[in-house]
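Asker: Before I ask anything, let me first share the structure, which is written out below as structure tokens.
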Amino acid sequence: MTQILEVTAREILDSRGNPTVEVDVYTESGAIGRAAVPSGASTGTREALELRDKKSKRYGGKGVAQAVKNVNEIIAPLIIGMDAADQAAVDLAMLDEDGTENKSKLGANAILGVSLATARAAADAFGFPLYRYLGGVAGQTLPLPMMNIINGGEHAANNLDIQEFMIIPKGAKTAAEAVRMGAEVFANLKAILKKGGHATAVGDEGGFAPDLDTNEEAFKCIMDAIKAAGYKAGKDIVLAIDAAASEFCVKGKYELKGEGKSLTTTQMIDYYEEMISKYPIVSIEDGLAEGDWDGWGEMTQRLGSIQLVGDDIFVTNPSIFRKGIEKGVGNSILVKLNQIGSLTETLQTIDLAKRYGYTTVISHRSGETEDTFISDLAVAVNAGQIKTGSLSRTDRVAKYNQLIRIEEDLGRAASFGTPFDKITDSKK
């Protein structure tokens, strides 16, 4: 029933108009699984390799024809006849065939597309929704969304150094209510920005990309939007940021060009400390550069009462993450499927986080598609948090809509907790 019968890959476009890989996996029962691979803009240097046709003129060298060819001509013959329900075996076969540490032979985009499509095909063969197939009866926690409503850094053409300014509707009782609260704040933010004479064009992840004078001005606009929407900041809605500090770390200094500041590691932590004292910030992602391990240790000691999320520093890699655990760096990990390049390795990283008390945030990438795999994954592993952009652009909203459907499907079995009650209670 779940024996793999056919594997087909193609080149499609992502939300930035760049090519990406889409894969279909068919089983002997007629089941089909389809998956599209996302792509990042601010990327960790140790991420699995996204194979692109750099020497070709097609798509300005960004094509993925070679990755597609690798699926159709190398991976397909390798896994046809295997059991789609044996995810680990399928993934291991591809990893062995690739044989490189960063998946540079076949391409992480080729391997991941097949990996995710295989899981979907198996779920379809058994007649289960994806979240149920991946998580069994235990997967029933809807994740609290971290909504990126102002974009800066590599995600927008403005002078904001911080890449993402996010709201977290921690006062919501359901996923549907969380989405509504976020949408209401987003709508009010648009009105506030318009009134202030700012552009309301959106960035890669659907958030507004105004050319504000300082990072703090972004916080002020968001606080005003929360109030205008009828909510209380710190109680109903809290704040989070993704600094993506590797992008503005130059020769060991943190260059906040928008504010004309050049800061040492300690001064950068001081900067965050000041912002935390002024605003209900409960989570900071990539507050320091990926190579600043000593700085991360200092930041964890000083700011460890809030959530400190490692993205570029951990890159969803179990071995690198284990190093961070041993050093006591951060207290949370951002999980991006394409950073490591297979579902099996992603699940290993999530399991490691749970065993060592790190929180888990399932995340999209800035270059996305309509694929909603991460919504099902977040519920399946009871991650408790998801980061999938703003309340605009179909590539972002598709994930929120899928969470609403899953919540409806779970019915009374659905739960919706928040990992931030303890943090915000201590700030009252």
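Here the Cβ of each residue, glycine as well, is placed from N, Cα and C on the backbone.
Predicted, not measured: the structure shown is a model, and the values here were computed from it.
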Asker: Per Swiss-Prot, which of GLN163, GLN267, GLN301, GLN402 sits in the (2R)-2-phosphoglycerate site along with LYS336, ARG365, SER366, LYS387?
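Answerer: Within the candidate list, Swiss-Prot flags GLN163.
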Asker: Out of GLU216, GLU217, GLU273, GLU285, which one does Swiss-Prot list together with ASP242, ASP311 for Mg(2+)?
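Answerer: Only hit among GLU216, GLU217, GLU273, GLU285 in Swiss-Prot's Mg(2+) site, alongside ASP242, ASP311: GLU285.
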Asker: For the binding-site residues ARG365, LYS387, which Cβ has the most other Cβ atoms within 10 Å, all shown protein chains included?
Answerer: LYS387
Asker: Taking every protein chain in this structure into account, which of the recorded positions GLU205, ASP242, GLU285, ASP311 has the most other Cβ atoms within 10 Å of its Cβ?
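Answerer: Going through GLU205, ASP242, GLU285, ASP311 one by one, the largest Cβ count within 10 Å is at GLU205.
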Asker: In three-state terms from DSSP, label ARG365 ((2R)-2-phosphoglycerate binding site) for me.
Answerer: coil
Asker: Would you measure the largest Cα separation among GLN163, LYS336, ARG365, SER366, LYS387 for the (2R)-2-phosphoglycerate site and round it to whole Å?
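Answerer: Between the outermost Cα atoms of GLN163, LYS336, ARG365, SER366, LYS387, the distance is 17 Å.
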